[in-house]
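Participant: From TrEMBL, here are the annotated features:
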- 18-362: domain 'Acyltransferase 3' (DOMAIN)
- 21-39: transmembrane segment (TRANSMEM)
- 51-69: transmembrane segment (TRANSMEM)
- 98-115: transmembrane segment (TRANSMEM)
- 147-167: transmembrane segment (TRANSMEM)
- 174-193: transmembrane segment (TRANSMEM)
- 199-220: transmembrane segment (TRANSMEM)
- 232-251: transmembrane segment (TRANSMEM)
- 271-289: transmembrane segment (TRANSMEM)
- 309-327: transmembrane segment (TRANSMEM)
- 347-365: transmembrane segment (TRANSMEM)
Amino acid sequence: MDAPAHRELDIQARGRIRGLDGLRAVSLLLVLMAHWSPLPYLNNVAEWGRGGLVVFFVISGFLITRILVDLAGRRREVEGVQLLKGFYGRRFFRIQPIYYLALAFVICISLNSAVREDVIYHVFFVQNLSNVLLRSDIGTYGPAAPWWSLAVEEQFYVFWAPIVIFLRPNAWRLSLLGAFALAIGWRAFAWYADLGQANVLVTFGNLDSLAAGAAVAIVISTGRITPAVSRCFSVILTVGIVGLCLLSLTEMSEGILAFRTSFVGKVLADVPVYMIASSLIFFLAVGRATTAAKVMETPVLVFIGKRSYGAYVYHQVVNYTFFFFVTPHWLEPSFGVKPQLHGPGEFLVFTAITLLLAALSYKYIEQPIFRLRDRIYPTTR
C-alpha cells in the first residue's frame, strides 16, 4: 500500500514542489505589507513582516538542505570538496549578481551614507553584524536595511553545507537540535540583556527558522513517510495555528509596543510561524496538501514567487529612490509636485513598481546568469 505514496513522494520531493512559489509570494507580500502598510490596522502589526521573513527562512532552509542531501548522496562518485565548490558556485550566481547591482546603485546615487561608509560589510554579507556593532537601528541602512536577512542566509550556507556534505545524518540531526536550542537561547539572552534588535539581526537568532525547513528536507529525504510521520506534522501544524492565535490575542490585549518588548514577543513569536510553515511545506512536498497547493499555484502567486528574490532585494530601493532621488531631483524642480503616498496608495504603487522591476530583472538579468551558471556548474538534479 505504501508504493504509490512513495512514488508520489519521489516526484514531489525531487522535482518541482507544487505550491512553493506561491508560498514565497505570500511571504514577500507579508514583508511588503509591513513596509508599505495598505491599511491603518496593518501598520500596527510589524509582525506581518517578521512572519514573512520567518517563512522565507523556512523555505530557504528546506530548499538548501534538499540540495545538500542530494549532494551528500554523491560522495562515493565525487569528492566532497568538489561538491562543496559546486554548491557555493551555484549559490553565488543565484544570490550575488543582482544584490551587488542593487548595492552599487544605492551607493552611486547616494541614497544612504551609512551603506557607503559600511560598504565592505555589505560586500561580504556581514551587514547584520555591522548593524548591531556600529549602528543603532535596523533602519539605519535605509534602502539596504532588509538585506540583513540575506547576510543571515549566506552565513547559514557557509556552516551548514560542510556539515551535510561531510558528516553523517546523525550529525545533521544533532546540529539541528543545537540550532533550535541556540536560537531560542540567544533570543532569550538578548531579551534579558536588553540588546534590542540584536535578538534577530545576529544569525543565531534565526537558526531555528532555518533549521525547521532543513528538518523537513531531512525527513523527506529518507523516503519513509509513514502515517505516524504525517500525524506528527499534523500535530505541529495544529499547535502552530493555536499558538499563532494565542500570540495575536496576547498582542491585542497587551498592546503592540508592550508585546514587542515582552519575553513572548522577543523570544517565542517566531515559533508558531515556522511550525505552520514547515508543516505546510511538508504536506506540499509529499502531495498531501492538494487544496493549499491549488491556492498557491494561482498563476499570479507563482509569477510573484518566481521573482520574489529580486522583489525583496529591490523593494526598499524603489521606495527610497522615489522619495529621495526622483522627487527632489525631478518631480519638484520640473513640475512643482511632491507626491504624498501613504496607506493603500503607497502599497499599490510601490508594489506594482517593485514587481515590474523584478520581472524585468528576472528575464533580462537573472535568467541569462542562470544559463551561465548552469554551464559553469551543471546541476546534479
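Backbone N, Cα and C define each Cβ position, glycine as well.
Predicted, not measured: the structure shown is a model, and the values here were computed from it.
So that I understand the layout, could you describe where these features sit and how close they are to other parts?
Facilitator: Residues 45-53, 55-56, 59, 146, 277, 280-281, 284, 295-298, 300-306, 308, 311-312, 315-316, 319, 343-344, 346-348, 350-351, 354 of the same chain sit 6 or more residues outside the transmembrane segment (21-39) yet have a Cβ under 8 Å from a Cβ within it.
Under 8 Å from some Cβ of the transmembrane segment (98-115) lie the Cβ atoms of residues 122-123, 135, 140-144, 147, 150, 309-310, 313-314, 317, 320-321, 324-325, 361, 365-366, all in the same chain and six or more residues away from its ends.
When Cβ-Cβ distances below 8 Å are used as the criterion, the transmembrane segment (147-167) is approached by residues 53, 56-57, 60-61, 64-65, 68-69, 71-72, 75, 80, 83-84, 87-88, 91, 95, 99, 122, 125-129, 131, 138, 141, 175, 201, 203, 206-207, 210, 214, 313 of the same chain, each at least six residues removed from its ends.
Among residues of the same chain six or more beyond the transmembrane segment (309-327), those with a C-beta under 8 A of the stretch's C-beta atoms are 28, 31-32, 35-36, 56, 94-95, 98-99, 102, 105-106, 109, 111-112, 142-147, 150, 338-339, 350, 353-355, 357-358, 361-362, 366.
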Participant: If you average pLDDT over the domain 'Acyltransferase 3' (18-362), what do you get?
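Facilitator: It averages 91.
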